[in-house]
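Read the structure below first, then the notes.
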């Protein structure tokens, strides 16, 4: 029987690449997305298409409305998504504890289906402003996962994989192209419309556009 992995899948470029990488590593992949009240909800439609295209065994979308807490431009309509260029520091698009919340959901599903590997698209190179995308965070969460689960206590080590954490956006795109990822299916924009068309000026769009240019790969993104 093939080993199983839970892959966090937002519908964006990074997580699509990570799903393809997990497949290439020989895993039977289970894709997990979250409807957390993000204003760019069209990314979930993208996630469905990516999961199907890359052959995930299952794709689950969990509802957990983080708009009740606010604190991020992605979940609070009173906060504007920045469009004036990438700044230093933790950006207002940081969703409080989002990766911890999503990895915890993935960890629960992993135990339920006998998976011992979690994959997610943390990246600390092109955009290092998010505290839950750092290598030390990944290592700390893996420690927690093995302390907090039946599988971990019984010696079936759980691994938290962040295969693109030290890659540039161009390197990620080039790797995905080699693995057959159709980036035209993905949505990265923080302000994408209901059709998945990108604004072209938010931080995520700027980084994505620069990545395709640096990679020498045609940008398939649909812009408003």
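Cβ from N, Cα, C; glycine included.
Annotated in Swiss-Prot:
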- 9, 10, 11, 12, 13, 14, 15, 16, 17, 18, 19: ATP binding site (BINDING)
- 189, 199, 202, 205: Zn(2+) binding site (BINDING)
Let me know the DSSP-derived helix, strand or coil state of residue 199 (Zn(2+) binding site), please.
coil
Of 19, 189, 199 (the binding-site residues), the residue whose Cβ has the fewest other Cβ atoms within 10 Å:
199
As a test of the contact definition, list every same-chain residue at least 6 positions from residue 11 (ATP binding site) whose Cβ is closer than 8 Å to its Cβ.
33, 42, 43, 44, 45, 46, 47, 48, 49, 50, 186, 187
What does DSSP say about residue 11 (ATP binding site): helix, strand or coil?
coil
Nearest of the binding-site residues (9, 13, 17, 19) to residue 205 (Zn(2+) binding site) - Cα to Cα:
13
Using a 10 Å cut-off on Cβ-Cβ distances across all protein chains shown, tell me which of the binding-site residues (9, 13, 202, 205) has the largest neighbour count.
9
Rounded to the nearest angstrom, how far is the Cα of residue 199 (Zn(2+) binding site) from the Cα of residue 17 (ATP binding site)?
22
Report, as a single number, how many Cβ atoms besides its own are within 10 Å of the Cβ of residue 15 (ATP binding site).
27
Within 8 Å of the centroid of the Cβ atoms of 9, 10, 11, 12, 13, 14, 15, 16, 17, 18, 19, which other residues of that chain place their own Cβ, given that this set defines the recorded ATP site?
47, 50, 121, 186
Please name which of the binding-site residues listed here, 189, 199, 202, is nearest in space to residue 19 (ATP binding site), Cα against Cα.
189
Residue 15 (ATP binding site): which of the binding-site residues 189, 199, 202 is the nearest Cα neighbour?
189
Tell me the Cα distance separating residue 9 (ATP binding site) from residue 189 (Zn(2+) binding site), rounded to the nearest angstrom.
15
Can you see whether DSSP assigns residue 189 (Zn(2+) binding site) to helix, strand or coil?
coil
